[in-house]
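First the structure, in the form of structure tokens, and then the observations on it.
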Amino acid sequence: MPAAAGDGLLGEPAAPGGGGGAEDAARPAAACEGSFLPAWVSGVPRERLRDFQHHKRVGNYLIGSRKLGEGSFAKVREGLHVLTGEKVAIKVIDKKRAKKDTYVTKNLRREGQIQQMIRHPNITQLLDILETENSYYLVMELCPGGNLMHKIYEKKRLEESEARRYIRQLISAVEHLHRAGVVHRDLKIENLLLDEDNNIKLIDFGLSNCAGILGYSDPFSTQCGSPAYAAPELLARKKYGPKIDVWSIGVNMYAMLTGTLPFTVEPFSLRALYQKMVDKEMNPLPTQLSTGAISFLRSLLEPDPVKRPNIQQALANRWLNENYTGKVPCNVTYPNRISLEDLSPSVVLHMTEKLGYKNSDVINTVLSNRACHILAIYFLLNKKLERYLSGKSDIQDSLCYKTRLYQIEKYRAPKESYEASLDTWTRDLEFHAVQDKKPKEQEKRGDFLHRPFSKKLDKNLPSHKQPSGSLMTQIQNTKALLKDRKASKSSFPDKDSFGCRNIFRKTSDSNCVASSSMEFIPVPPPRTPRIVKKPEPHQPGPGSTGIPHKEDPLMLDMVRSFESVDRDDHVEVLSPSHHYRILNSPVSLARRNSSERTLSPGLPSGSMSPLHTPLHPTLVSFAHEDKNSPPKEEGLCCPPPVPSNGPMQPLGSPNCVKSRGRFPMMGIGQMLRKRHQSLQPSADRPLEASLPPLQPLAPVNLAFDMADGVKTQC
């Protein structure tokens with residue numbers, strides 16, 4: 001079970017360099033034993049929870065008194081996650097106020113649904129969704145940089161290079177939305193926030209719409225958004241498309257470069273505003289703007305949506321990509337997914353081993369971007385860990401042994417310091433300690449020499465004494481081994497090298513990901529149905545007799561159950577008729593596998609029903625078929641005439657082999673009463689001539705259930 005809210009609390013804040021007594025100094029080390037995260041990351045000081053001003057607690061969140069924003073039916077407040085100690089933004093929607101607006105009531109949960117469909121570094125991350133009787137809560141990441149509009153008010157206007165950076169991030173986020181089929185419809189300066197790294201974060205998907213993905217009818221026919229940022233086709237109440245977001249980006253770009261809006265009318269009138277947009281009567285631009293910026297801005301504010309560029313064309317603009325060194329966004333099938341390699345192993349291990357969550361639940365929730373408490377814990381812990389690593393001068397302080405192993409990709413030092421630490425380890429004092437170990441321990445120690453240890457060790461080691469020749473040989477072998485490890489494809493330490501588990505080790509045989517909880521996350525290949533041609537039946541040679549071969553199966557065209565089919569979807573071409581060869585005489589049945597012994601396509605072999613259950617007369621047919629006889633068409637046809645020289649048998653008699661092969665007319669009781677009777681062969685040809693030679697065994701009884709399953713009872 002997941003840990004309680006107070007399980008991860010520390011008595012004192014684990015701030016770097018903080019003073020305290022002997023008991024306080026021992027607490028971080030105790031928290032680090034057997035842990036996968038630093039104590040500063042995994043623990044929450046009690047003072048942080050006590051000093052946070054709040055008026056309510058909902059789930060694992062404290063709803064703070066500080067208000068970040070307010071709308072007609074919703075308020076955004078600062079919150080605190082009690083399990084991680086991280087601050088979040090909580091949007092509280094009042095259901096009573098929302099009921100007054102039919103549009104809001106109908107689409108109350110749409111914002112949360114849309115935000116779970118997307119994941120982008122310039123879009124706020126939705127962490128959790130909670131609902132009570134009176135309120136609906138959306139928990140999102142907090143952007144401490146504030147609103148971009150406040151920054152424009154302070155500076156009056158932004159420089160062209162800074163505005164270009166913001167506009168490119170905004171276009172990248174909108175392009176990601178459009179690839180996911182989402183149109184924002186309310187892009188304005190007030191909905192652009194800044195994070196701690198001064199990057200754009202797009203918020204407020206309350207008016208966003210999804211192009212038919214979420215099942216909403218007529219998605220592009222409503223009047224929405226602020227009129228100053230709305231495209232002309234929106235003001236004219238015409239049908240519109242994703243290019244309305246391109247127009248809004250142009251308005252935001254004009255506001256960043258000038259500090260004002262491009263189209264304004266006094267007094268305000270929608271008709272006059274629309275006419276000014278159509279006539280391209282834009283307010284004057286600053287003279288210091290470059291030609292490329294002006295040309296790009298005018299293309300975004302094109303009133304004709306046909307001539308206006310789409311979001312992909314805008315992202316490829318030359319002025320926008322000038323001096324840009326970032327990565328080009330790649331087209332992905334699922335815009336809300338991340339790859340397995342992007343997960344933080346330390347955070348996943350902490351959640352599974354310390355907080356008690358299942359490994360498969362954590363991985364599946366994070367990869368699928370499903371807003372719940374698991375995603376919130378992972379995101380906040382990972383963000384806290386990144387902030388801890390970036391703020392530490394020496395990342396090895398307060399880190400435990402396992403953390404260095406599982407975070408080797410992030411904790412790996414540069415090459416220069418890496419080689420320097422290796423040379424330090426080759427000095428006499430440390431090598432004397434290595435030589436005292438056993439050979440196996442010495443080999444393991446040599447494999448782990450590449451880790452950059454703490455600075456305290458460097459002060460105690462001598463700096464001038466040279467190692468002996470045997471020690472130099474060990475150094476060279478160690479360096480060669482480390483180079484091989486660097487060249488390997490795996491970015492995490494192997495289990496055999498460090499004696500630890502790798503939760504993201506892919507097995508080549510089963511194509512699965514082995515987790516630390518002995519569970520397996522399947523990574524199946526694409527399931528593409530393919531037609532498998534049925535092999536042609538064996539044609540007897542000119543010298544062969546009518547007696548079938550020993551190895552010929554007694555059951556032909558067997559219907560396989562779902563349990564006997566492999567992972568690939570096979571579409572088998574079966575013959576029109578299915579004849580099941582079943583003998584009621586004391587003979588032995590050839591050993592078959594489970595798929596051949598199963599007559600029922602729905603139940604596995606060996607499943608039995610009570611014998612008194614009546615058997616459906618059309619499910620199972622009993623036939624002795626001659627291999628040399630021509631194939632017969634299946635249908636409601638009359639039985640072939642019986643030869644005149646043979647004894648006549650009634651049509652429904654169990655001794656009439658041919659009539660039983662087509663129309664079994666007796667019930668389960670008759671078959672059970674006749675099961676000990678011997679079959680009367682026809683006079684023209686003995687029955688033994690059409691059967692393969694079989695070894696005599698003990699008599700067997702056949703029991704039939706309603707699902708056509710056959711089970712031998714000795």
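Glycine too: its Cβ is placed from the backbone N, Cα and C atoms.
Of the given residue ranges 96-121, 590-615, Swiss-Prot assigns the label region 'Disordered' to 590-615. From the candidate list Lys56, Lys87, Lys91, the residue Swiss-Prot records in the ATP site shared with Leu68, Gly69, Glu70, Gly71, Ser72, Phe73, Ala74, Lys75, Val76 is Lys91. Residue ranges 1-26, 339-364, 677-702 are listed, and Swiss-Prot annotates 1-26 among them as region 'Disordered'. The highest number of surrounding Cβ atoms within 10 Å, among the recorded positions Glu70, Asp186, is found at Asp186. Apart from the site residues Leu68, Gly69, Glu70, Gly71, Ser72, Phe73, Ala74, Lys75, Val76, Lys91, the chain places the Cβ of Val92, Ile93 no farther than 8 Å from the centroid of the site's Cβ atoms, the recorded ATP location. Of all Cα pairs drawn from Leu68, Gly69, Glu70, Gly71, Ser72, Phe73, Ala74, Lys75, Val76, Lys91, which the record names as binding ATP, the longest spans 14 Å. Around Ala74 (ATP binding site), the C-beta neighbours below 8 angstroms that are at least 6 residues distant in the chain are Lys91, Val92, Ile93, Asp94, Gly206. Neighbour count (other Cβ atoms within 10 Å of the Cβ, all protein chains): 18 for Leu68 (ATP binding site). Within 10 Å of the C-beta of Val76 (ATP binding site) there are 19 other C-beta atoms, taking all protein chains into account.
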